[in-house]
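According to TrEMBL, the features are:
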{"type": "TRANSMEM", "residues": "36-54", "note": "transmembrane segment"}
{"type": "TRANSMEM", "residues": "66-88", "note": "transmembrane segment"}
{"type": "DOMAIN", "residues": "78-168", "note": "domain 'CAAX prenyl protease 2/Lysostaphin resistance protein A-like'"}
{"type": "TRANSMEM", "residues": "108-128", "note": "transmembrane segment"}
{"type": "TRANSMEM", "residues": "135-152", "note": "transmembrane segment"}
{"type": "TRANSMEM", "residues": "164-182", "note": "transmembrane segment"}
Amino acid sequence: MYGFANLVVLVGLCVQVGEEVWKASALFRDPSSAEVAAGMGATGLGIIIGWPLTTVVSETVGVAHYTVPSLTAVVPIAVLFLGSVAVAPIAEEILYRGVFLGIVLERGYAPVVPSVGSLVVFAGIHLFKAGLGGVVNAFLLGVLVTALRLWFDNLLGVWSMHTLNNVLEFLVAISVIPSLYAL
């Protein structure tokens with residue numbers, strides 16, 4: 001349901017803001033080969049370093065480990081796929097790296113201000129579905145995707161990386177691949 005809630009917010013926002021703001025926020029262009037390489041490299045770092053680091057940081061600050069739920073029934077699997085793989089990455093990237101980051105950057109703030117704000121909000125919304133461990137995980141993912149957004153001024157690579165991350169977490173949830181969180 002979380003992914004769909006993001007979609008409702010996104011549609012409502014789209015209706016409220018003007019076309020100029022929408023076009024400036026939804027930055028989707030064909031990625032350069034450098035952006036594709038950076039996105040794939042960041043995804044690899046996120047999985048190999050970020051997933052285990054989530055566990056280490058969670059243990060260090062004394063919060064519950066982030067774990068991906070294990071699902072076997074068809075309907076929950078379908079809902080999880082639609083919400084977390086098909087809907088959430090595109091909606092979240094437009095909301096947090098597109099609209100939020102874009103509007104604050106347009107107001108002349110140095111990139112660190114909207115980046116930190118975007119990271120805090122993005123990580124914070126994951127509290128409700130994944131607990132404090134999920135906040136740590138979302139923050140670490142958010143650092144990578146925010147850096148890509150600022151570096152390439154494009155959401156396509158960021159969305160692709162976020163989607164790939166969620167696909168991998170989905171595959172963990174349906175027990176196709178092992179989790180790296182507890183390493």
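Easy rule for this one: first residue shown is 1, then count along the chain.
Each residue, glycine too, has its Cβ placed from N, Cα and C.
Per-residue confidence over the domain 'CAAX prenyl protease 2/Lysostaphin resistance protein A-like' (78-168) averages 89 (mean pLDDT, predicted model). When each of 36-54, 108-128, 135-152 is scored by its Cβ pairs under 8 Å to the transmembrane segment (164-182), the top-ranked stretch turns out to be 36-54.
DSSP states for the domain 'CAAX prenyl protease 2/Lysostaphin resistance protein A-like' (78-168), grouped as helix (H, G, I), strand (E, B) and coil, give 82 helix, 0 strand, 9 coil.
For the transmembrane segment (108-128), same-chain residues at least 6 beyond its ends with a Cβ under 8 Å from one of its own Cβ atoms are 2, 92, 96-97, 100-101, 134-139, 142-143, 146, 150. Only residues 6 or more beyond the boundaries of the transmembrane segment (36-54), in the same chain, are considered here, and those with a CB under 8 A from a CB of the stretch are 66, 133, 136-137, 140-141, 144-145, 147-148, 151-152, 157-158, 160-161, 164-165, 168, 179-181, 183.
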